Amino acid sequence: MLVLGTCLLLTPLAWPTSVPAHASSASFDAARKRVTGAVGGGAGATSTATMKFTIVARPSRDPIASTIELQSGQVYGVGMPVPVKFSAPIPDGAKADVERRLSVKSDPPQTGAWRWYGDQQVIYRPRNHWRPGTKLTVTAGSGGVPAAGSVETSRSVTATIGQRTEFKISNDTKQMKVFQNDKLVKKFPVSLGKPLTPSSSGNMVIMSREARALWVYGPNEQLDVRHAERLTGDGEYIHGAPWSVADQGQNNVSNGCTNLSPDNAQWVYDNSQIGDPVTVTGTEKRLDPSNGWTVWDMSWDDYVKK
């Protein structure tokens with residue numbers, strides 16, 4: 001039912017147990033905020049349905065779009081969070097309503113929670129890393145929540161968690177250790193950020209993967225890199241760096257990224273997934289909580305504090 005200039009949110013009070021053959025009559029009681037309809041079934045049988053409604057103001061702007069930063073059908077690492085971004089700020093007073101309409105279902109079931117990062121992003125993480133093979137169904141069913149004069153839209157995706165692969169990078173040894181299913185499988189020399197541009201120490205996850213990227217720093221400065229994995233929002237990566245091979249395992253010479261030889265970088269690229277945990281230790285700089293998907297850089301108890 002549509003009423004010009006308003007939006008009706010309908011909640012069933014009573015509903016027939018079978019699908020009607022046809023509708024025969026309906027009444028609209030604005031004072032009691034109810035709609036009652038009589039429906040006809042087979043052989044002259046009739047039943048009634050009553051619904052309660054709430055009238056809310058027509059949105060003053062376009063709906064706020066929600067984006068789940070997972071893609072249906074994709075496989076992710078065991079540290080993959082579930083970020084949901086919004087196209088406009090969500091007021092503090094509407095965040096609880098929005099959060100209640102967000103759903104992450106895991107098979108097998110695993111405990112998790114949402115945490116807001118500013119007004120336009122909320123992120124879900126499990127208490128512990130996802131179990132390999134977990135099936136995720138994520139729904140942002142926020143339609144009907146008034147927020148800043150708008151009503152949010154709905155999205156849903158399904159994804160799978162792959163094998164457990166973790167990368168541990170030590171500034172003290174200038175080595176990267178790669179673990180698959182908790183077993184050490186590779187060790188690579190690295191060069192991290194030099195003192196003026198140190199790499200961030202903390203618990204991160206791979207946010208994206210690029211076989212080749214052209215990074216432009218200015219009108220006359222650009223860098224063509226291969227086999228890159230993003231770790232932070234401001235652009236710290238693991239990537240191939242043939243120019244620093246002589247320093248890898250010895251000295252830090254990068255602008256904050258983790259440098260690998262071309263062959264080692266390709267191996268990491270071929271054997272990694274978005275959502276794989278990456279831990280960097282021993283550098284001069286601590287990871288900023290707002291710099292990417294930093295959900296694992298705090299304890300569970302701290303994460304669930306509002």
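Yeah, the Cβs are placed from backbone N, Cα and C, and that goes for glycine too.
The structure displayed is predicted, hence computed values, not measured ones.
Copied over from TrEMBL, here are the features:
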ACT_SITE  HIS239  active site, proton donor/acceptor
ACT_SITE  CYS257  active site, nucleophile
DOMAIN    165-281  domain 'L,D-TPase catalytic'
SIGNAL    1-23  signal peptide
- Note on the structure: Mapped onto three states, the DSSP assignment of the residue listed as 'active site, nucleophile' reads coil
- When neighbour density is defined as the number of other C-beta atoms within 10 angstroms of a residue's C-beta, which of the active-site residues HIS239, CYS257 has the lowest density? HIS239
- Task: May I have the DSSP-based helix, strand and coil counts for the residues of the domain 'L,D-TPase catalytic' (165-281)?
- Result: 12 helix, 61 strand, 44 coil
- Task: Compute the C-alpha separation of the residue listed as 'active site, nucleophile' from the residue listed as 'active site, proton donor/acceptor', stating it in Å without decimals.
- Result: 7
